[in-house]
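S.K.: Structure below; questions to follow.
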There are 2 protein chains.
Amino acid sequence: MTTRTETQAETGQAAGVDDLGWGLGALLRGYRRRVTDAIGDFPHGARGYQTMCAVVGGDHPSQLALARDLGIDKTVMTYLVDDLVEAGLVERRPNPADRRQRQVVATERGARAVAELCRRVDAAEDDLLGRLDGDERATLRRLLSKATGPAPGHTAEACALVTGESEEAGRPTE
Amino acid sequence: MTTRTETQAETGQAAGVDDLGWGLGALLRGYRRRVTDAIGDFPHGARGYQTMCAVVGGDHPSQLALARDLGIDKTVMTYLVDDLVEAGLVERRPNPADRRQRQVVATERGARAVAELCRRVDAAEDDLLGRLDGDERATLRRLLSKATGPAPGHTAEACALVTGESEEAGRPTE
DNA sequence: ACAAGATCGTATGCGACACAGACGATTGGT
DNA sequence: ACCAATCGTCTGTGTCGCATACGATCTTGT
């Protein structure tokens, strides 16, 4: 109920546009704005948070796999990871299986930061979907997941995984 | 059935991220790519098409209203409209009610172009939602519309409006 | 074993875009 | 008639996607 009117103000009322593209864009704009406000001065804003989520939640063998998963350019991923390393949130370690690849793993501090931000982002998502009831929110998430393809992994799951056993996130390989 | 595997290839399979933001981003990326491919060398790509849809479908009294509706910066809207004018697709006319505002109206040629592109974009959307059946697609559109707020106006409606009476789109005020 | 091609990470340049700030033109309130 | 606010435009800055290039490394063919 906090910022429910912002979506309407932001989108205006005359939306005689292509509804799928417009709806996706409008909802994503609202999402990014809320998440940006929620996480404060995290290294690269919403992108940095999403990257950290992917690092913690999924096992990506290389920076390139990470970039492709998030739809980020690989040249951007380079300095994005640079800044995350500088902030002490992740570490770059050469993949022993293929020394061309650099595996990105979260540090203890990074895992804790994600777990903390996860809660705020969940609240931001609830605010974003304020016009939908519980069933509708679940349906929307399910349809998005189905439309984009098989998406094994969840923020909620990654969150619980991190909060439950944070020391495992620090040493994934050995 | 044409490019159904692209979504999966683009998104990878390990999607252990924040599912709402990731799903919205992934779907919007697929949408933009397909629409960009579908419309060819339209002045500003998908943005130009969406702007034209808003010009034809909704009545926006000023460039600023147009920009806010689409989530575009007003300084970008300036040269975006410049290029649409140069391409002969729209006209800028001072709003008689408030001469600070410039009303953007579609030309005959612009209205026809939108009607033509509308069909291709519809096909692109169907391709994007290839994993969902008819009911699910309708539900997704409905939930998006409800979540973003009151969205009076549709591409389909604007399309029909344009194709049905294209000469009215050329002279909306008088 | 060696050469040729492919892949990954990084660096560089270019174009598009969001954002902030400023300015002239115009409007509305006092 | 003065003054604050709004709209459109211009300029500058920072971020990002995209293409290109290069070294390091892996893979494949011979």
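Using N, Cα and C of the backbone, Cβ positions are placed for all residues, glycine too.
Nobody curates TrEMBL annotations by hand; they come from automatic prediction.
Pulled these features from TrEMBL for this protein:
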DOMAIN    A:17-149  domain 'HTH marR-type'
REGION    A:146-174  region 'Disordered'
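How buried are these features, and what lies next to them?
M.R.: Across all of the domain 'HTH marR-type' (A:17-149), the predicted model scores a mean pLDDT of 95.
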S.K.: In the domain 'HTH marR-type' (A:17-149), how many residues does DSSP assign to helix, to strand and to coil?
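M.R.: DSSP composition of the domain 'HTH marR-type' (A:17-149): 91 helix, 15 strand, 27 coil.
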